[in-house]
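Sequence annotations record features per position, and here TrEMBL assigns domain 'Radical SAM core' to 35-250. Per TrEMBL, the feature [4Fe-4S] cluster binding site maps to CYS49, CYS53, CYS56. If you look up TrEMBL, you'll see PHE55, GLU150, ARG161, ARG168 marked as S-adenosyl-L-methionine binding site. If you look up TrEMBL, you'll see THR279 marked as (3R)-3-methyl-D-ornithine binding site.
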Amino acid sequence: MLDERDVAELLLLRGAEREELFRQARAARSAVFGDEVVVRGVTEITNQCRVNCVFCPMRRDNTRKNSDFRTESSQLVDVAASVKASGINVMFFQGGEIPQTTRVVGEALPGILDLYDGEVEILLNLGNKRRSEYEYLREQGATSYILKFETSDPRLAEEVRQESLDSRLKCLQDLLDLGYRVGTGSIIGLPGQQVADVARDLVFARDLGVHMCSVAPFIPAPDTPLADHPAGDVELALNAIAVSRLLAPDWLVPAVSALSKIAGEGQYRGLMAGANVITVNFTPDEQRDRYLIYGRDRFVVKRDYASGVIARTGLRPRGSVFLEPSLVETP
Ligand code: SF4
C-alpha cells in the first residue's frame with residue numbers, strides 16, 4: 001500500500017516517468033470502470049454563504065457586494081428536466097453553505113425522482129449541515145454528497161475556511177453513516193503548502209473511506225484575501241489525479257473545470273491522467289454569472305465541450321455508477 005513518502009515521490013515525477021504513472025493510472029481506471037467517463041449535470045442553487053473561506057468570492061464578507069440569488073424548488077425541477085433531456089442521470093446540486101438549501105432541495109427531490117422514474121443519482125454539494133438535515137435529504141432521495149476537507153492540516157484548514165477541520169470531518173462521518181456515497185477533496189497551492197502536504201492530503205482522503213475524491217489547483221479570485229496568491233500548479237494537480245487513481249482505483253475522480261481555467265486543455269489532460277468524471281453546467285445564465293466560484297471569468301463547461309473532451313481521449317460517456325451497486329462497492 002502506498003504511504004505518504006511513496007506518494008510524494010510520485011507527485012514529483014515528470015517526463016517519461018510521469019507518462020508511465022499516467023499509463024498505470026489509466027490501466028487502473030480501465031480495470032474498474034472500463035473505458036467510460038461519468039457525466040454529471042450541475043446546477044448552482046445559491047451564491048449566499050455563511051462561511052468565510054479566504055479563497056472564495058462568495059465568502060460571507062462579500063455577501064453585501066454580490067448580487068445574490070437563491071433558487072426555489074420548482075426551478076430545480078425545471079433544470080432537472082433539461083439535464084434529463086440531455087441524457088444525463090447524475091443531477092448535481094451545488095451551492096453556498098446556508099441552512100435554507102435543505103428545504104429547497106428536499107422539496108424538489110420527489111418531483112425530480114418522478115421525472116426520472118427513480119433512475120437518477122442525486123448528488124449534493126451544500127456544505128456542513130446537521131445530521132438530521134442530511135438524514136432528511138437522504139430520505140427525500142439524495143444518493144451522494146460531496147464535502148471537501150480542502151486540506152488535512154488542521155491549522156491551515158482553520159486559516160482558509162475559518163472553521164475547524166474537525167467540524168468538517170464530523171459531517172463527513174455523518175454522511176458515511178447515513179449511507180451516502182461520499183466525495184471529498186483537497187486544493188493544491190494553498191499558502192505554505194509543500195509537496196509533502198499534498199501527499200498527506202491524498203493519503204488522508206484514502207483513509208477516510210470515501211467513494212469520490214477531487215484535487216483542484218487553487219485559482220486566485222478577485223475580492224478575496226488570496227487574490228494575489230499564485231495559482232496552484234496544474235502539473236502537480238495532474239500527478240495528484242494519477243496518484244488518487246492508484247490509491248483508490250474505484251474512486252470517482254473528476255477532471256475539474258479549474259484545470260481548464262488555468263491550462264487550456266487541462267480537463268483532457270485530467271482524463272488522460274486517470275480521472276473519470278466530467279461535469280456539465282446547467283445553471284441558468286443569469287444565476288451562473290453571479291456564482292463567482294473562481295471570479296467572474298470562470299470557465300464554464302457546456303455539454304458539447306464535455307463531449308468533445310471525452311471523444312478526444314477515446315473514452316465513452318456514461319451515467320451514474322451508483323445506480324449499479326456492483327460497480328463501486330461500499331468500503
Ligand atoms: S468555498 Fe463554499 S463554503 Fe467556502 S465561502 Fe465559498 S461557497 Fe462558502
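From the backbone N, Cα and C atoms, a Cβ is placed for every residue, glycine too.
The residue listed as '(3R)-3-methyl-D-ornithine binding site' sits 22 Å from PHE55 (S-adenosyl-L-methionine binding site), counting Cα to Cα. Within the set of binding-site residues CYS49, CYS53, PHE55, CYS56, GLU150, CYS49, CYS53, CYS56 have a CB atom less than 6 Å from some atom of ligand 1. When pLDDT values are averaged over the domain 'Radical SAM core' (35-250), the model yields 96. Its own atom aside, the Cβ of PHE55 (S-adenosyl-L-methionine binding site) has 23 Cβ atoms within 10 angstroms in the protein chains shown. Each residue in VAL51, ASN52, PHE55, PRO57, MET58, ARG59, ARG60, GLY96, GLU97, ARG161 lies on the same chain as CYS49, CYS53, CYS56 and has a C-beta within 8 Å of the C-beta centroid of that [4Fe-4S] cluster site, without being one of the site residues. When the Cα atoms are compared, GLU150 (S-adenosyl-L-methionine binding site) and CYS53 ([4Fe-4S] cluster binding site) turn out to be 11 Å apart.
Other than PHE55, GLU150, ARG161, ARG168, the residues of this chain whose Cβ falls within 8 Å of the Cβ centroid of the S-adenosyl-L-methionine site are, in sequence order, CYS53, LYS148, PHE149, THR151, ALA157, VAL160, GLU163, ILE187. Using a 10 Å radius centred on the Cβ of CYS49 ([4Fe-4S] cluster binding site) and all shown protein chains, the other Cβ atoms total 20.
Between the two most distant C-alpha atoms of the annotated S-adenosyl-L-methionine binders (PHE55, GLU150, ARG161, ARG168) there are 17 Å. Other Cβ atoms within 10 Å of the Cβ of ARG168 (S-adenosyl-L-methionine binding site), summed over all protein chains shown, number 19. In this view, GLU150 (S-adenosyl-L-methionine binding site) is surrounded by 22 other Cβ atoms within 10 Å of its Cβ, with every protein chain counted. Listed in sequence order, VAL51, ASN52, CYS53, GLU150, ARG168 are the same-chain residues six or more apart from ARG161 (S-adenosyl-L-methionine binding site) with CB atoms under 8 A from its CB. Each of the binding-site residues CYS53, CYS56 was scored by the number of other CB atoms within 10 A of its CB, and the lowest score belongs to CYS53. In the three-state DSSP assignment, the secondary structure recorded for THR279 ((3R)-3-methyl-D-ornithine binding site) is strand.
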